[in-house]
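Copied over from Swiss-Prot, here are the features:
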- Y157: active site, proton acceptor (ACT_SITE)
- 8-32: NADP(+) binding site (BINDING)
- S144: substrate binding site (BINDING)
Amino acid sequence: MQGMNIAVVGGASGFGLETAKLMVRDGVSKIVVIDINQERLDAAKGELAGKGTEIFTVVRDIARAEGAHASFDAAVKTAGRIRSSICAAIYPRAPLLEITDDMWDAENAINIKGTYHMMVAAVKHMQGHKAEGEVSGRIVNITSVDAFKAHPQNAHYAATKAAVVSLTRSFAHAFAKDQVLINSVAPAGMATEKAKSLGFLGELAAANPLGRAAEPAEIAEFVVMVAGPKNTYMTGEQVIVLGGYIYA
């Protein structure tokens, strides 16, 4: 990924931050981390700095069009041409019969609308760099195995991730002519700090044939591959990384 400029939405913590770390490891030139939380952004910048990559941060709420487009515009202003854009998002839980309107609104705003608006901003930018025989840009959305499997403990999240799978396919089909490659990576449960703090690791291990949750870096490697220069042809695909979970 040397010489590439990357934007990571939701990259100040959790899986997004892990992905940013691997991209820095692989030598990206500039990385722009977009998040709603300034304190987490400051901490993430400290973790990513000092390894040869220029680190920029943008604090924005991407739940509405103006915030999403402003965040991407800021990324371009600070880093120049963005070669790849990665969009990660939230992971709340609620019992199936207790999902409130506020929960639905928050989930839809970030996971569906936010992802949609970030893709619009990225595609418009990448269309401006179309060149014969070259990839104009790459977009990777983080979905979930829950998009393909019943998950009553997390149904609103699963529904939004299924929507993102559909959006990914539609965008990929529409903008293949512009050489913009758009895919998603769908992990099963990961051993993130949040999952650890909520006591989910035992549950995740019991549900997985491999007997453990994935380490975030194991999944992030696939994001790096799909977002990187070795991907010159794949678009509209869902890379499902789940340790056999969906077949259990």
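Cβ atoms here come from the backbone N, Cα and C positions, even for glycine.
Since this is a predicted model, take the numbers as computed values, not measurements.
Mapped onto this structure are the features recorded in Swiss-Prot.
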| residue | record | Cβ neighbours (10 Å) |
| --- | --- | --- |
| V8 | NADP(+) binding site | 28 |
| A12 | NADP(+) binding site | 26 |
| G16 | NADP(+) binding site | 26 |
| A20 | NADP(+) binding site | 30 |
| V24 | NADP(+) binding site | 20 |
| V28 | NADP(+) binding site | 28 |
| V32 | NADP(+) binding site | 26 |
| S144 | substrate binding site | 28 |
| Y157 | active site, proton acceptor | 23 |
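Looking at A20 (NADP(+) binding site) and the residue listed as 'substrate binding site', their Cα atoms lie 19 Å from each other. When the recorded positions A12, G16, V28, V32, Y157 are screened for a Cα within 10 A of the Cα of S144 (substrate binding site), the ones that qualify are Y157. Annotation note: V28 (NADP(+) binding site) sits in a coil segment as assigned by DSSP. Secondary structure at S144 (substrate binding site), as computed by DSSP, is coil.
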